[in-house]
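Taken from TrEMBL as is:
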- 285-297: compositional bias 'Polar residues' (COMPBIAS)
- 344-624: domain 'ABC transmembrane type-1' (DOMAIN)
- 656-880: domain 'ABC transporter' (DOMAIN)
- 999-1281: domain 'ABC transmembrane type-1' (DOMAIN)
- 1317-1551: domain 'ABC transporter' (DOMAIN)
- 276-297: region 'Disordered' (REGION)
- 34-55: transmembrane segment (TRANSMEM)
- 67-88: transmembrane segment (TRANSMEM)
- 108-127: transmembrane segment (TRANSMEM)
- 139-157: transmembrane segment (TRANSMEM)
- 177-198: transmembrane segment (TRANSMEM)
- 374-392: transmembrane segment (TRANSMEM)
- 482-501: transmembrane segment (TRANSMEM)
- 558-587: transmembrane segment (TRANSMEM)
- 607-627: transmembrane segment (TRANSMEM)
- 990-1011: transmembrane segment (TRANSMEM)
- 1041-1063: transmembrane segment (TRANSMEM)
- 1123-1154: transmembrane segment (TRANSMEM)
Amino acid sequence: MAAALEQYCGSVFWNSSFLDRNDADLPLCFEQTVLVWIPLGFLWLFGPVQLLHICTSRMKKSSVTRVYLIKQVLAALLLLMSLAEVFFTVAEDLGNLPHPTPVSRNPVVQYLNPALYFISWLLVLLIHDSRRFTVRRDSGTLFIFLLLSVLCGVFQLQTLIRQAIQGSITDVPRFSFFLVSYGLQLILFFISIVSDVAPEMKEAAKKNPEIVASFLSFLTFQWYSRMVFMGYRKPLEIDDLWDLKEEHKTGKILGSLEKNMTAGIKNAQRKLEIRQRKRKRHSAATDQHMNGLSKAQSQDALVLEEKKEKGKKEADKKDSRGDYAKSWLMASIFRTFAGNLMKSVALKVVQDLLVFVSPQLLKLMISFVSDPNAYLWHGYLYAVLLFLTALVQSICLQQYFQLCFELGMLVRTALMAAIYKKALTVSNATRKESTVGETVNLMSADAQRFMDFTNMMHQLWSAPLQIVLSIVFLWLELGPSVLAGIAVMVLLIPINAVLVTKARAIQVKNMKHKDERMKIMNEILSGIKILKLFAWEPSFEKRVGGIRAQELKRLLRFAYLQSISIFLFACAPFIVSVVTFAVYVMVDENNVLDAQKAFTSISLFNVLRFPLGFLPLTLSSLVQVNVSTERLERYLGSEDLNTSAICHEPSPGCAVTFSEASFAWEQNSDATIRDINLKIPHGHLLAIVGPVGSGKSSLVSAMLGEMENIKGQINVQGSIAYVSQQAWIQNATLKDNILFGSPFDEARYQQVIDACALLPDLQLLPGGDLTEIGEKGINLSGGQKQRVSLARAVYNNADIYLLDDPLSAVDSHVGRHIFDQVLGPQGLLQHKTRILVTHSLSFLAQVDDIVVLVAGAVSEQGSYSTLLANGKAFAQLLNTYGNQQENSPEEEATVGMEEDLELDGDTEPGAEEVPTDVVTMSQKSEASVHQKDFIRSLSNSSHRSLTMSQRMKLKEKKPVAEIKGQRLIDKEAMETGKVKFSMYLQYLRAVGWCLSTMVLLAYIGQAVATIGSNLWLSEWTNDAAKYANQTYPAYQRDLRIGIYGALGAGQSLFLLTSALLAAHGAVRASRVLHERLLSNILRVPMSFFDTTPTGRIVNRFAKDIFTVDESIPMSFRSWINCLLGIFSTLFIICLATPYFAIVMLPLGIIYYFLQRFYVATSRQLRRLDSVTRSPIYSHFSETVSGLSVIRAYGHQERFLKHNEELVDINQKSVYSWIVSNRWLAVRLEFVGNLVVFFAALLAVFAKDTLDSGIVGLSVSSALNITQTLNWLVRMTSELETNIVAVERVHEYTHVENEAPWVTAQRPPSGWPNNGEIRFIDYQVRYRPGLELVLDGIKCEIQSREKVGVVGRTGAGKSSLTNCLFRILEAAGGKILIDGLDIATLGLHDLRRNITIIPQDPVLFSGSLRMNLDPFDQHSDEEVWHALELAHLKSYVHSLPEGLSYLVSEAGDNLSVGQRQLVCLARALLRKSKILILDEATAAVDMETDYLIQETIRSEFADCTVLTIAHRLHTIMDSHRVMVLQAGRIVEFDSPDHLLKQQSIFAAMAKDAGIVGSQNTAM
């Protein structure tokens, strides 16, 4: 072979003497053959594939660019150069030119090489052209070809340059050809680094530069740098992030997954059927066996048989739940993402193999240093190879990670989209099985588990591969002694497993405490007003404190276990090396530990650590994913809703036809509606009536296709609009809720709002129809929600209207208005088909047809008059209840239609009394600042003109400049920018300075011990040279092992101490921060709770306290470990080669900047991820709860699209975060690789002054630094992200407090003993800058006087009680109780001495006794006496637990009436001289109401009683009545006196139907 090549070249092909000298070189023939063929072979192997784009691409050929032209010109010049060289050689041989070796002709290589290059450059030209058919115009194949060509050419270049310097060049023309070609190749290589962007792609490239990035930019993620710089300059917003690539968009991924899923489910279903058939056959066989028994036997068997039948039925039931289409999801996911998986496997294999190259190079490096005769170029070669290996390894690893994380993200997206899509079509049975919470969990937790698993999935095969290879190489180094070290590693695994199991058990118990604490916190925040009114905060603070103490006790235990686990894991490598080396040296006295063996082994042990640590994690993740797979397969493979029984065939004259229709809610259950035959003509109004549970709503659901068909069918002609019984409201503006995706038509919209009586509500809502409605319509009253739901249906303009009792939630006069304006014969929908389910009998006379349902079947049908004449059930129903409904006086003191509009926004048809919490009130007053002039101009106009002006007002509101108060709740402040350093100090202060210092010292001690043990090892390995040809003395051996072991033990002890101290400190910090937070939250004023959503406060106690408890201690620990690890490595390298300190400075600067840039961007991306993730889940749970409405309107597609948009927005931040991590890792690993390179290079320079031991130590430490550097930045970022929790907790510990609970001025004991109240020119406002709510209240209330307080919504009635308790502080004037100014007292002194029975009866979870007397101030006798007076004694007696009866959350296990009585008992226990009754409206029935009034009259006879009245008849026996209007007292006199005059009170009494028609017109 060599001879043939020598003939081919005409010179020597290989001679080892070329390398056996200080200025080594390669033979020219080797350079002209092998080094030329490597790049060309690569190009010819992979180049032709690139030309396929010309045939397969769907893109139009893109324009020519400057970069493209330069590339083509360079390639063409290279082509011409190779052609010229061929011609030159031919000319030489033909004798036309002087020949360098005239004796013979030119060798073959001179012809063949230029010819091969000619073909190659032609191929390059074609590839350049073919790339114009693709988006990314730079070719990876060409980049690698040029890189190889330039690298291989270096050898020939330096050979020729050497010859030139020595003056021994004979062939000048070829020398010139080579130089020019090499120069052109270099230029072409550098040009191919630049991205070539076609003009057509400029816009797309701005939205996502990744798609046009050059190959090198793609490998190093350089295209992402712009984003990192932007993130550094300013906090990133979601709009700053680049668009997703087309193939990453949700719609695209879901499409491909669905294709594979459908096929997979079909297969799995087939298998399921076979399984079920087998099971049936088996059970049939057993039945036959039973039948074959003799008569006598079968008698005995009958009883058994019955039992079996029962069991079998249950088993069948279980089976339908237990067996499902299995094992298709994983396969579908693999099929969908096969391309990604194959690529990542290839990259991981290369990376795994390269991991083992570095220890071998290290071994060569050490042997080079210890061999005084070695040539210097060996050292340089090893240093360069170490650098190149590490570089390629870095690039492979980062590309592999990018693919894995990308896959994780795509799988999560696909699953989330699939679950959402399934939720829109899922059958009732499945819906019953999985609650909304469970389904949201599938989307959040289970999809997330898949994401986490795909990140480490490849470890399942890669870890075993790495372990096997490590053991093989270690065996080659140390022989069987390796087994000792491996045994230690294997032993540590079960110990760790035991610790993990113990820790998990503690965690589970602790979760219970956490849940318990969060439950009480939720209650405290929901019932905070009661806590304040009764001054009960200390009692609850104590309760929460007790649970928290238990929680922290467990947390400390958990932290101790964790410390031991960390201690074992961190000591593992050290213990392993001590054991292995000790065994190796002890086994045979000829075994001397030299540097090569020691440091190569340590590198290999370090490699082994990673897969051993990772494998258990991967396996546990696999187990979790299996659970999730089962849950997802059950859900995604379940049956869809079957709507085949709903037809849409044309039938003249009939809008809806039922033919023998029977439907049930579940398959195999009894029919809910049976044998219905109905024909509903177009344009008819049909009422469906019947007792509760007769199937009225089910009939509507059947028409919507929401039920399982048993027999028969329903024919529906035309589109449907549906109003559900419980209004479903989206979290959007009021306007969007009404439009519901339909285009906006101003005139129609105004008409609908008017008809649905929504105008006055828009008047009250601060932003009109642009007011944001909270989740589940939280800031609307029940009636408002129902009317919005109705308006949505009316605006939708469908053919058939299904109305499920829409009038139940509204007042009767509003109901009448809606019936007349919308549903009735003269209403907006008069020409539509309307099917109205109703309980209200008063409208039935005006409907076209009535259907009476009884037990799911039609009992009678006909017009109102026909049914009355029949005299059946319907007629009897009318006779019993009809009269009551017609004549019942309107209970609420509501306003008539012709009422003037008052300043504080009163009710017109329809604004029911909204719960007057402070927030709506303050919103109203904020809005009223803007509305005052507008309303004044209207004050006396009639209702018609008012409607007109309100319309005008709505139009005026159009400009989107937000009106103050239009948003219910401000957006939560998302922290931006760098976390303040003071937050770290805040945390350390909570830990305690003394403890913090001790922890730090322990960590430093550990680092020093580590350095010591490493230096000792390098000393030890130098013994090999010292005792080269002698016997190794035993005492020396024992000394070496002993001290090495002792240093190791010291290192372990320091580590354990630091971990335990840190655990202690962390728990202390948790306790301090939680105590501060809780104590402050209980002391903030009420207004804070009204403007801050409970969820936001709960989040501080849940998520943020969890971060403080668990995440911050871990981040801190890892961060200190990494930092000290890096310092000790750098110290060792500097010790070996002091010059390294010079290199360290620039590397340190690069590192610092990378870290600053990255952390700023990454931190903000994490925040964006969590901010954009919550809308996905909110939208999902909203969709699930409004499913029947969405399906009825046929808006599934629109909701699907919206979900895809939300997921894509979240994807943008997730993808950006993934890339930012890779961007950082590539750069940091490059810095790490430079550290390795310089450590090795400087060792080569200082070869003669160094021992092999210290070189081994220096380079092996450097090899480890790359991962640690990466980890340090990751930890810095995580620590910054987590410390935000301290910032958020800190923010709420500094909210301004209300007045102190107790002041220096204490009231005399027994105060107030008379109960006289004086208001002196009293003024109050909700917040500074708002209008006064009470303005100049002057009055005196005598001792033992009973006063009723009345007024319309917003007149200031509730504000008056808030002022007495100082929930609101005075803006002017004062209140005296028994002559004492209440503003001078502590809040608890005031609140404990006056009593309120609040409007909403709030109870807390805990015993009944705790709810009555949380401070245990009263004896059991007194408590029983109070219960007796409250008419609860007999009920409580009947409970087995008596006073210890556990009240559930919010008192759900007591009826509303009972809760109200408990509140009464509370008041009776306190026996204070002043009682305020914020009278409950609908809470109790008439009988209980009468009992309460009686008790109050008798028991509080000698008290001053203020009653805030909502129902006037309760205050008719008061001594005096106070009428409030717009925050002023307008009337204050006895009820009789006021009724005789033409007073406001008299008008209200008339409205409420209390007074006859006296002449009390206003």
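Just so it is clear, glycine is given a Cβ too, placed from its N, Cα and C backbone atoms.
TrEMBL: automatically predicted annotations, no manual curation.
Here the transmembrane segment (990-1011) has Cβ contacts under 8 Å with residues 1047-1048, 1050-1051, 1054-1055, 1057-1058, 1061-1062, 1064-1066, 1068-1069, 1072-1073, 1120-1121, 1124-1125, 1127-1128, 1131-1132 of the same chain, all six or more residues outside its ends. Using a Cβ-Cβ cut-off under 8 Å and counting only residues 6 or more beyond its ends in the same chain, the transmembrane segment (1041-1063) has close neighbours at 556, 559-560, 562-564, 566-567, 570-571, 574-575, 578, 581-582, 585, 995, 998-999, 1002-1003, 1005-1006, 1009-1010, 1012-1013, 1016-1017, 1020, 1113, 1116-1117.
Residues 478-482, 484-486, 488-489, 492, 495-496, 499-500, 502-503, 506-507, 510, 593, 597-598, 601-602, 605-606, 609, 613, 1013, 1017, 1037, 1040-1041, 1044-1045, 1048, 1051-1052, 1055-1056, 1059-1060, 1062-1064, 1066-1067, 1113, 1117, 1121 of the same chain lie 6 or more positions beyond the ends of the transmembrane segment (558-587) yet place their CB under 8 Å from a CB of it. A contact links the transmembrane segment (34-55) to the transmembrane segment (108-127), because at least 3 Cβ pairs that are 6 or more residues apart lie under 8 A.
When Cβ-Cβ distances below 8 Å are used as the criterion, the transmembrane segment (177-198) is approached by residues 62-63, 65, 67-68, 70-71, 74-75, 77-78, 81-82, 84-85, 88, 117, 132, 137-138, 142-143, 146-147, 149-150, 153, 156-157, 160, 205, 212-217, 223 of the same chain, each at least six residues removed from its ends.
Summarising model confidence by region, the domain 'ABC transporter' (656-880) averages a pLDDT of 86.
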